[in-house]
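Encoded as structure tokens, the structure appears first; notes follow it.
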């Protein structure tokens, strides 16, 4: 069984990078994939981000509405299985739990990990005696943990909080987070469980895990705490990567803004910890432990690094090239000797059961209301089309306003379509393009068709008026006596109301003259617009050339004003202070090269220079 942990730095971006969620998961080639920093809220859980063929997913999203924390963090565990129901695969969990305090609503209603966790009863030591219930609930509100029970072991997928040394509030939050998490592990170990913890801890435990670490690097509070978890310091866990690679300098995270990947100046903060007895019956013997018996290998997938050996250096123009991918790389562990489980099915916490993904279940009341409304609409619509007035009154006796509203809405839609069609025709006609001979003939043909339509409508209108006067038979007799047949080829002419034909012919001629005048005006306006467009394009090109030359001149002046760094005598790069304080927003210059260890001469030098302030200070 292969387990992978990967901080993706936005699941949506990684799915876009690989083309689909399935391609992203398949690229890791693992049975269980633990993802951190999904940056998804509950409302963002759509099928394209949660569902992939052959995988079952479990999500934990942030629930806080604090400034800067909305849509932040988030973890997800994907399990590759052949069947989600009646399966004996160890990759399919028998239980799952969101968070680790046991206080979330999802933990109380779903399939929880074996054994309740009485978190309030355990908070009685010196480290956490001042922690309130509200602090505990807040720990689980940022979506930083998913627990899955795979029978032979319990898997923790965590995303540890980051805290600057000067930020006391976040430092306290981080301390409470790890202390309560440690108590959850101790509770499981006391029940004889095996525990595997994977994820982004945001902690580099030793100097070997940080490039260019100083002499007091290991004195940090959280680094001391993490080392205390390891077996060689009396703890229950084994750092799987360090156990398999005791002296190797390898990192899993690099700073995005300083180009630290280029010189491999990073930190190893993504870990896999494993603890508990092995699966053999004679596990109490000295030569049996979970690392020797079941961990075949543990390593870092360096091929997922953003910066490649053929990438452009930052000081040779590469600063403007955006590197695609996460600022972390995956870490994997390969377990052997993991047997199958008894037949079990998917836990209820799975993503396929989330209402935002599968949709909310429809109630019987809402279903009947929609059916009744649809039947009434169909019944009233049929009466409007071809029914007698008595039936129409019967339909409107119950809800006349509803039936009338349906008719009004239908007419409104039809009129809207007609208006939109007229607008499109008008716009296309105003968009002046060079007319062709074919389009000219089509217009002439269209005008002739319109003329004949006018003639037909006028004839039918005259016949209707005669029918209303009751003299149709007399006119028919007179017309039959006035019909003259002349054989010219195969043509037959019929004299029908000569005065009516003369009047219609006059109207046809007037329509044709109007069309000719309109076509001439349209062609004239097109030629004028083309001349104006050519003149505009030439002036626009001149303005663009002038602006480009002016911008080049400004860039040259800026280059002269940029200072050179002390270490390499190269132009510096300007940055601004983002930390709150008296210098917030103030600009400064630093070396433009990539960040690296101090021993590397190709790395960034220590040059620092404040940018000159412009403008007058406001008077108080």
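Glycine too: its Cβ is placed from the backbone N, Cα and C atoms.
Range annotated as region 'Disordered' by TrEMBL, chosen from 571-595, 596-620: 596-620. Residues within less than 8 Å, Cβ to Cβ, of residue 202 (Mg(2+) binding site) and separated from it by at least 6 positions along the same chain comprise 160, 161, 162, 174, 269.
The residues of the domain 'GRF-type' (565-614), classed with DSSP into helix (H, G, I), strand (E, B) and coil, number 0 helix, 12 strand, 38 coil. Between the candidate recorded positions, 37, 200, 327, the densest Cβ environment within 10 Å is the one around 200. Over all protein chains present, the Cβ of residue 7 (Mg(2+) binding site) has 24 other Cβ atoms lying within 10 Å. Taking the centre of the Cβ atoms of 7, 37, 200, 202, 327, 328 as the Mg(2+) site, the nearby residues of that chain (Cβ within 8 Å, site residues left out) are 9, 36, 159, 253, 269, 270, 326. Counting every protein chain shown, 26 other Cβ atoms lie within 10 Å of the Cβ of residue 159 (active site).
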